[in-house]
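Some features that TrEMBL has for this protein:
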type	residues	note
DOMAIN	A:224-436	domain 'ABC transmembrane type-1'
TRANSMEM	A:41-62	transmembrane segment
TRANSMEM	A:228-249	transmembrane segment
TRANSMEM	A:269-291	transmembrane segment
TRANSMEM	A:297-319	transmembrane segment
TRANSMEM	A:340-362	transmembrane segment
TRANSMEM	A:418-439	transmembrane segment
Amino acid sequence: MTDATASTPAAPASGRRQSISLFRQDAHTKRRNAAETRFKAYGLTAVLVGLFFLIVLFGSIISNGLPAFTRTVVELELTLTQEQYEEAESKLLKTGAYRDFFIAAFDRELEERGVEVEYDAAALERILGKIGGNLREFYTANEDRLGQPVDFELSTSSRIDGYFNGRLKREDVRDSRFLMSTDLDLADELYAAGIMKSDFNWNFITGADSGVDNPGGAGIGASVVGSFFMMIVVLVLSLPIGVAASIYLEEFAPKNRWTDLIEVNISNLAAVPSIVFGILGLAVFIQFAGLPQSAPLVGGLVLTLMTLPTIIISTRASLKSVPPSIRDAALGVGASKMQAVFHHVLPLAMPGILTGTIIGLAQALGETAPLLLIGMVGFVARGYPDGFVSGFTEANSAMPAQIYTWAARADASFYEKAWGGIIILLLFLMTMNIIAIVLRRRFERRW
Amino acid sequence: MSFAKMTASTLAIAAVSASAAVAQSRDNVQVAGSSTVLPYASIVAEVFGDNTDFPTPVVESGGSSAGLKRFCEGVGENTIDVANASRAIRPSEVETCAANGVEDIIEVRIGYDGIVFASQQDGPAFNAFEPADIYQALAGQLIVDGELVDNPNETWADVNADLPDVEIAAFIPGTKHGTREVFEEKVLLVGCENTGAFEAMVEMGMSEDDAEGACIDVRTDGKSVDIDGDYTETLARIDSNPEGIGVFGLAFYENNTDKLKVATISGVAPSTETISSGEYPVSRPLYFYVKKAHIGVIPGLKEYAMFFVSDEVAGPGGPLSNYGLVPDPELAATQDKVANEVTMSEESM
C-alpha cells in the first residue's frame with residue numbers, strides 16, 4: 001500500500017511513460033499486483049486458519065460431548081411390597097435400602113435367566129449406578145404401585161457406561177472397588193441378552209446436578225433454568241436502563257465536561273474485568289441489601305451491571321448512524337424532540353440496539369467469574385423452582401458454572417458431561433442469536 | 001464514575017424492593033470451603049436431599065481459608081451456615097469469628113483423607129519413596145558438606161539410587177490449598193528431620209522456626225511446580241509428562257486408576273485400610289464447622305450435620321468411605337457432639 005502511493009508520482013517524472021503497454025506489465029505494476037495477490041493470499045490464509053480452528057473446536061466439542069447424551073441402562077421389572085417400602089422408609093439412608101432391594105431383585109432375575117458368567121452380589125453393586133434416589137422418588141409419588149410389577153430403566157455405574165461408550169478400554173481396567181475386569185464380562189453378557197442397553201439420556205437434559213459419586217444422575221436442565229431466569233433479569237433491567245441512558249446522552253444531553261466524563265467512564269466500565277462485578281455484587285446485593293445467596297436474581301443483577309456498558313455503547317452507535325436528515329425532517333414538520341426520537345430515530349436504530357443487546361446477553365450468559373463470589377458455582381442441585389417468582393430467589397446454578405464444576409471432578413464421566421453441557425450452552429446461544437436475527441429482520445427499515 | 005454510582009444505586013434500590021417483595025427466609029443449608037471436602041459434602045448433600053424433605057444444601061468450594069473467612073463474617077441468613085475445612089480452624093480465625101459475633105462453633109471431624117503421590121500409568125514406577133527422598137528432591141536448599149546450598153539434585157536417582165533415573169518433575173498443590181500444609185508438615189518436615197538436616201540447621205545457628213521454614217521451603221528452579229487449580233489440573237500435567245509425579249487426594253487417585261500409578265511411601269501403598277491403621281504416613285483429618293446460632297433458624301441444618309456423621313453415611317461401607325474417605329474410628333463421639341450441639345468453647349472447658 002505505502003509502496004504504491006509513495007512511488008506512483010515518481011513514475012511519470014522518470015519519463016517511462018512511453019514504455020507502458022496495456023498488454024505488458026512493467027516492473028512496478030508487477031510489484032503492485034504481486035503485493036495485492038500476496039495480500040489476498042494472507043487474507044485467505046487467515047480465514048482458513050480461523051475456519052480450521054473452528055472445525056477443530058466444533059469437532060472436539062461434538063466428539064467429546066456426544067457420549068453425555070447417551071447412557072447405559074439396566075431394564076428390570078421390580079415388585080416392591082408394602083413391607084419393603086415401610087422398611088426402607090424407616091431407615092436413615094432410605095435410598096440405600098431401595099438400591100439393595102433392586103440389587104436383590106436383579107440377582108434373582110439373573111439367576112432365573114441363567115447367566116453363564118460367574119458373579120457375586122458385589123459385582124452387581126459395582127455395575128449399577130446410584131439408583132436409590134430414582135426408586136424412592138417413584139414410590140413416594142406412586143404409593144398405589146406398591147405390590148405391582150413396575151418396569152424400571154435405571155442407569156449403570158459411570159464405569160460400565162464408559163465401557164460401552166468407548167471412554168474406558170478393557171485393557172486399561174485395573175481392579176478396584178469401583179470396577180473389576182470380570183464385571184465387564186458380565187456386562188457384555190447382559191448387553192447381549194438385552195437386559196442392559198444404551199438409550200438417550202433425557203436425564204442429562206432435564207435433570208439437576210448430582211453428587212460426585214453419581215455421574216449417571218447428573219443433568220444440566222436445572223442450570224439451564226437458572227441461566228434463563230438470570231437472562232430475564234438482565235434483559236428486563238439492562239435494556240430499558242441502557243436504552244434510556246443512551247437516548248438521553250445521545251439526543252438530549254448538552255455536550256459539556258460532565259457528559260464527556262460520563263462517556264469516558266462508560267467506555268472504561270465496559271473494560272472492567274467481570275470478577276470485579278462479582279465482588280461488587282457480593283458486597284452490595286448480598287451483604288448490604290440482604291438478597292439470598294446463590295439466587296439467579298443476584299446473578300442477574302451482577303450480570304446487568306456487566307452488560308449495561310455494552311448495551312449503552314452499541315445503542316449510542318446505532319442512534320448515531322441514523323441520518324440527521326430524518327431528525328431534521330421530523331423537527332421541520334413540527335414534531336417535538338421527543339416525538340422525533342421515539343417516532344423516527346428509535347425505530348430506525350432498533351436493529352442495532354437489538355443486536356447490541358443480544359451480544360451483551362450472550363456475553364453475560366457465558367460468564368462464570370462474577371458468579372463465583374455470589375454462590376452460584378459449586379454443588380447446587382435444587383432442581384426446578386416451584387414457581388415463576390421462586391425461580392428468581394431459589395438457589396440455582398448457571399450453565400457455565402455447571403460446566404466449570406463438572407470439569408473439576410475426579411470421575412472422567414463428568415468431563416464428558418462438561419463437554420455435553422457446552423453443546424447445550426451453544427444451542428442456547430444459537431437460539432438467542434436466531435431470535436435476534438428474526439427481530440432485526442422484522443424491524444429493519446430502509447430509507 | 002457518577003454514572004456507575006447512579007446505576008449501582010438504582011439497582012440497589014431495585015434489589016432492596018425486590019428483596020422486600022420476596023422477604024422469605026432461606027430454606028436451604030449453605031455450605032462453603034475446602035475443595036477437598038467438596039466431593040464428600042456434595043455426596044452427602046445429594047443423598048440428604050433425596051432422603052429427607054429438606055431441600056438439597058448448596059455446597060460451594062473455594063478453599064478452607066476462604067470458606068472459614070466467609071463463615072466468620074457474621075451471623076444471619078446472608079452468611080453461610082457450614083464451613084468445610086481440610087485442616088483444623090486456627091485460633092486467629094476463632095478470634096475473627098468471635099469479633100464478628102460468631103461465638104458458638106461446633107467442630108465436626110468427618111474422617112481422614114490420604115495424600116498420595118502418583119505418576120503416569122506408562123511412566124517409571126516410584127516404589128522406594130521415603131519422606132526424606134521427597135525432601136531432598138524438592139527442598140529449596142540442602143545442607144551439603146556443612147553448608148546450605150541450592151538444591152543440586154537433578155534426577156530422582158541422585159536422591160536415592162533405588163529410584164528411577166529420570167528428571168525430577170513434581171506437581172504439588174499451591175499454597176492456597178490445605179493439602180499443601182499437610183504436604184509440608186507430613187512429608188517435607190518429616191523428611192527434613194529424618195535426614196538430620198533440621199538438627200544441622202539448628203546447630204548452624206538458625207532458630208527452630210527459621211529451620212522449620214527452611215525445611216518446608218520448596219525449590220523454585222522449575223523442578224517443582226505449584227498447582228493452584230484442582231487435581232484435574234495436576235492430572236492434565238501428569239498426562240503430558242510421563243516422568244512427572246503429582247500429589248493427589250486418595251479418592252481422586254482411586255477414581256483415576258486407569259491413568260495413574262501410585263507411589264508407595266516407606267513401602268506402604270495408600271488405601272483406606274493402610275491409612276486408618278496409620279501405616280501410611282501422609283493423611284489428615286477433614287472437618288466441617290457449624291454455626292450454632294443458625295441451628296433452629298435455617299431448616300435442616302442440624303439434620304444435615306447429623307446425617308453427615310451418621311454411621312450409614314460416614315461409617316465404613318457408607319457412600320463416603322466408598323468414594324475414598326477414610327472413616328473416623330471415633331465417629332460415635334462426633335455423633336454425640338453434634339446431637340448435643342457441643343461447641344468448641346464448651347469442649348475445651
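Any Cβ shown, glycine's included, is placed from N, Cα and C.
What TrEMBL says about a protein is an automatic prediction, not a curated fact.
As a quick check, the transmembrane segment (A:340-362) and the transmembrane segment (A:228-249) clear the bar of 3 or more Cβ pairs under 8 A, pairs 6 or more apart, so the two touch. The transmembrane segment (A:297-319) makes no contact with the transmembrane segment (A:418-439), as judged by fewer than three Cβ pairs under 8 Å among residues 6 or more apart in sequence.
Cβ atoms under 8 Å from those of the transmembrane segment (A:41-62) belong to residues 419, 422-423, 426 of the same chain, restricted to positions at least 6 beyond its ends.
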